[in-house]
């Protein structure tokens, strides 16, 4: 078993654990539906369909695209012998998770892409913000020299 006494000693985590089911229903269903209805005078049906149903449909489809489209279509600049590819459309839709060839070749790099933070990799930008405020640390990256060597050795050129 895993030793988690530090987590059990955290009152905020224990509160969240105690009220997990209620928080999930409230934050995933009630709040997203009620906010547009109450704050912007949107109809309850539209609030539910857009803020709950459409949000879930979009996030599920984008998640599945990462593990389907980004394993089929795109370039393979780091390793042409594996299925995962760099897919710009998937990266745009998923705020940075479409750089799958890089991610599979260098899984320990927190950036999941060679480009760093930017409009096509907002995930990295968010992790960088968390690092600046101390919520993320010991971030691992691949030196550019190693990336270039790997591209020359196994990449699609």
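Cβ from N, Cα, C; glycine included.
Taking TrEMBL as the reference, the stretch among 45-66, 67-88 described by the feature transmembrane segment is residues 45-66. Each residue in the domain 'Fatty acid desaturase' (14-107) gets a DSSP state, and the totals come to 63 helix, 3 strand, 28 coil. Counting residues 6+ beyond its ends, the transmembrane segment (45-66) has Cβ neighbours under 8 Å at 28-29, 32-37, 90, 93-94, 97-98, 100 in the same chain.
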